[in-house]
Amino acid sequence: MFRKIHPTTEEFLLSKVKLVATIGLVGGSDLVKIAEQMGGADGGQISFDVFPKGWDKTYALRFVEKDGYKEIHFFGDKTAPGGNDHEIYEDPRTIGHKVTCPEDTIQELKTLLHLMRVISTILVSCLLALSANADSVVDLVDDDFDSKLSSFDTALVMFYAPWCGHCKRLKPEFEKAASLLKNNDPPITLAKVDCTEGGKSTCNKFSVQGYPTIKIFKNGEVSSEYNGPRESAGIAKFMRAQVGPSAKELLNAKAVEEFLAKEDVSVVGFFTDEASELRSVFMKLADKLRESVRFAVTSNKDVLAKYGYSDNIVLFRPKHLHNKFETDFVVYDGAATKEAINTWVEKNFFGLVGHRSVDNAAQFKDPIVVAYFGVDYVKNPKGTNYWRNRILKVAQSLADSFTFAISNKDDFQQELNEFGLEYINDDKPRVVVRDASGRKFTMKDVFSIENLQKFLNDVKEGKLEPYMKSEAIPDNITPLKTAVAKNFNEVVVDNGKDTLIEFYAPWCGHCKKLGPIFEEVAAALKDEDVAIVKMDATANDVPSKFEVRGFPTLYWLAKDDKDNHVRYEGGREKDDFIKYIAKHATKELKGWDRSGAPKDLKEL
């Protein structure tokens, strides 16, 4: 981690970003191929750090012969103006780190170090760019919030706390988005308010209760809560949709061509009669969907003649997604109602095989087939479409049974883990299915058109066992029972008892505090017709009917009505739990009355 650094005039740059580049299993580049040859379970990852101008770093290597291999010891030396008044960046993979590799990889290592020096120069430039991005975000405090904000036509304001982890992750994306929108016409301003310092009163005024809270302002007044994407391009796209008309007017053929040239789905209304019923409905839908769909409208005679439309709505797919398995555009032929057109847009928006990203993932509905690989339409569009076309060939015959999508494997590593898949280090897609019931299936065979077709047919016909992430089934000899995915029905659903279950995470501080209390409750009620159960929700698949968004999450299940579980919102002390259980138990407890008061020993 970065500790204290020498106070130079450029120190603030390092405070903006932790600049560490890792050469390792990230797929595809020559650097990675070199790193992978270095050996070791982790592919020989090497990290290095970059310092502002005026700092110097040199590398030294020592080769030690050992059992036919050479141990490579890295040594780093940093000097800075002003002497030794600084502390080094201590990364165990940089300073004094040992890597054992065969003799024939030494030259590759030297090449790698040379490339690292080249990259370091590039990264310093990136650091300066990040600083420029930060300047694009306006800082607001209590004293100037109203006066400054009222001067902005449209503003997106992030209310944050410096210690908030979500805020730290959002901040660089917010800054990049501000830079992307810097010259937008009409103008869009991004601003932030520190709720722990100069913006306390403002945050109270707008009832900020969690961080980050993001709101859209129009001329100084709150317009709406922001519930859009959290990455820079998505934020910029969302905010551009907030300004100007909901459907862009295209006045000539060139304007149409430029609009359709964007790498996004376009929905264009071609209308001879500007007072037509279809046009009126189209404009209303455009206003409703302005945040997620690009709309345009034209009544230009030359444009209508060129495209051959007179009173039509057409969905155009972006050029990079054109393929031989489906048309490049779709013409609407339904009723002139907002609901019907909306359904048509949703059905055709992604085509047979959609490009599923972090920002639009929620729009893809189950049952879904997802192929994960190195999806990259910027650096490798040809390679991306090579695999997409093979999936399209299968999708055209199964489109009525599944939603199909491709996703970048690096963006969805956590999702891959949920299907039992570790890092994918080859080029071929890995395919998974989540059916309408939330069950998960993983294609185990190497990807091919034939294997994909067979896998999906087997899923449809119920021939495959779903994948289940689960810990080993425990003995459960203590009063506090442990549920895992494999024994959930036995321990929770079919146990014949009223049940209080806690879904927890091992790293959660509140869960750790609750742990011994839950054990006490279980011990106190061990002779009652009640089960006290815990489940690690990070190591096991939680049944989809239980909504777990934070930890700990607790539910009460009455023994005769397990389908209608109730979220527990009471106190978390032993007496709180016992009083709740005593009140809600199907049968009155033997040791406590309905109010939770202990019964007289004579009654027992």
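Backbone N, Cα and C define each Cβ position, glycine as well.
These come from TrEMBL:
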BINDING   Ser47, Asp49  alpha-D-mannose 1-phosphate binding site
BINDING   Asp77, Tyr89, Asp91, Thr94  Mg(2+) binding site
DOMAIN    126-244  domain 'Thioredoxin'
DISULFID  Cys164-Cys167  disulfide bond
DOMAIN    459-586  domain 'Thioredoxin'
DISULFID  Cys508-Cys511  disulfide bond
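For the domain 'Thioredoxin' (126-244), DSSP puts the residue distribution at 46 helix, 27 strand, 46 coil.
Taking a C-beta cut-off of under 8 angstroms and a sequence separation of 6 or more, Cys164 (disulfide bond) has the following same-chain neighbours: Tyr211, Pro212.
The Cβ of Cys167 (disulfide bond) has 20 other Cβ atoms within 10 Å, all protein chains considered. Cys508 (disulfide bond) falls within neither a helix nor a strand when secondary structure is assigned with DSSP, and so counts as coil. The disulfide-bonded residues considered are Cys508, Cys511; of these, Cys508 has the fewest other C-beta atoms within 10 angstroms of its C-beta. This prediction places the mean pLDDT of the domain 'Thioredoxin' (459-586) at 96. Cα of Cys511 (disulfide bond) to Cα of Cys167 (disulfide bond): a distance of 23 Å.
Cys508 (disulfide bond) and Cys167 (disulfide bond) have their C-alpha atoms 19 Å apart, to the nearest angstrom.
Assigned with DSSP, the residues of the domain 'Thioredoxin' (459-586) fall into helix, strand and coil as follows: 38 helix, 25 strand, 65 coil.
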